[in-house]
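All remarks here apply to the structure that follows.
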Amino acid sequence: MSLDPVKIGFIPLVDAAIPIIAADVGFAAEEGIALELVREVSWANIRDRLTLGHFDGAHLLAPIAIATTLGLGTIKVPLAAPLALGLNGNAMTMSPPLFEDIRRHMAPGADMADPRATGAAFRAVVENRRRNGDEPPTLGMTFPFSTHNYQLRLWLAAAGVEPDEDVRLAVVPPPFMVDALENAHVEGFCVGAPWNSVAVEYNLGRILHLGTDLVRRCPEKVLAVRANWLARNPELAARLVRACVRAAEWLDEPNHREEAARRLAAPNRLDVHAPIIQRALDGRLPTGDGDEIRACDSYVLFGADGATRPDPRHARWLHAQMVRWRQASDDPAGADLAAASYRTDVYDAALGRDAPQQADDPLGVFTD
Amino acid sequence: MSDRDRPLKIVLIDASPVRAAIMEQGLRDAGHTTIMRITDHVNLLARIYAIDPDVILIDLENPSRDVLEQMFQVSRAVRRPVGMFVDQSDSASIEAAIDAGVSAYVVDGLKRERVQPILETTISRFRAFAKLRAELEQAKGQLEERKTVDRAKGILMRAKKIDEEEAYALLRKVAMNEKKKIVEIAQSVITAAELLG
């Protein structure tokens, strides 16, 4: 049997696990697909190579898929997300001096896992620096259209820190985040796994928050394809969705975590030590603050709790973040287009499942 | 001086110094004089804001591309908004550039006819560089192959007490019989010799 070739671009991150496992454990081949994965160095490359047709699909930041569909800052090419590549996986990490500075400014008895409490302390740090005539902190995030950007802004704005005035937000590609912290180009960052744990491992950073402290079910990456590719290859797309869902279910098995970490660690995949990757899969992250370990079963979600089913309410929330931070105009048609790019129908049809009962609150944002 | 005549400030961001030099020469030949090269990614945005270029060219192997994308934002930090040919009619240009391995960012409002020749020069230089690199790789590969064949010939000459010509004829005959390349047979001879010590 000859396999149908499908080429997918990815960035070295733990949430690229679904396509990596689909390709490397054989779920793609079981669906008659020769899945070729291409590691890329920038989100902009992945976006352009997807829109130009070099790639059939991409491990893509969900907000980029929406921005490209709407033509924000790039050529307008309608994309579709027939599958979410899981949920969550981010964390906020601060340099040890900034982490200590935040701790010093915490209200007595306040919980370091409470983003309102740490936000207030961070605001005090920023105000203190301003009074002393010092530079405001620079925080790293991965892309203007990224949940990392929005999570940082959510945390800052809730504490009354104006993200575009009181601090600097700088784009740093995920694999360079730890370097940027070491070279003091940033004093903290929000990035996906495994890069927070890499910073902790080298004693360059302390994890201040898991992404789940801010948003309990946060959209992250999607499997993005061109809308016209999906229209022309409905049957192939359905097989791709099934292969990915199988991979996600495989990833959910705790006794597969060691093998998953080993496979993700490969030089042509993430090229990071397997035990550091496994911290994310186990949802047990040493924070670097003494012996503290933050445990969270939903730190990164693959197949569990319907995490692969693209939820149009997530797309609407991401569009609302773009509007809030002046990346998109406040246009209901834009929000509708964003929601329509999440192809729940394609997902349900591929799996032959009825639409499941959905939770009332798809996100769980800490400010709501 | 009208905007038409003002020399354009061009920034080249390329991790390959050789390619950057080739590009710079190409742009100078085309009459551009204000060209700056950046080869690392330290404080990239701050440096670009300080230079305040009209056109930024960056190689696609460069992770700093995502840093440049921040310039699209309508943020206080950006003095002059930058776009990457957001006009749909430019999609052919973008495709040619991406195929060649380069991307361009251009300050808003710059006339397209001023940018197009720069992009064309860049694309042709990128292609020339890629061809050069492919030829170099090929030459390197050929040299390696010749070394392998020479080693195998030496092993055969010693083991079978034959001369160089006979050794080569033997390799060629086996290669033809097994429908393989001479270098593959030569490699098996070397591996076998290593195993048998």
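Every residue gets a Cβ built from N, Cα and C, even glycine.
Taken straight from TrEMBL:
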type: DOMAIN; residues: B:9-123; note: domain 'Response regulatory'
type: MOD_RES; residues: B:Asp59; note: 4-aspartylphosphate
type: DOMAIN; residues: B:129-190; note: domain 'ANTAR'
Do any residues at least six apart in sequence from B:Asp59 (4-aspartylphosphate), in the same chain, have a Cβ closer than 8 Å to its Cβ, and if so which, in order?
B:Ile13, B:Asp14, B:Ala15, B:Ser16, B:Arg19, B:Gly101, B:Val102, B:Phe126
For the domain 'ANTAR' (B:129-190), provide the mean pLDDT of the predicted model.
93
Under DSSP, the domain 'Response regulatory' (B:9-123) has how many residues in helix, strand and coil?
54 helix, 21 strand, 40 coil
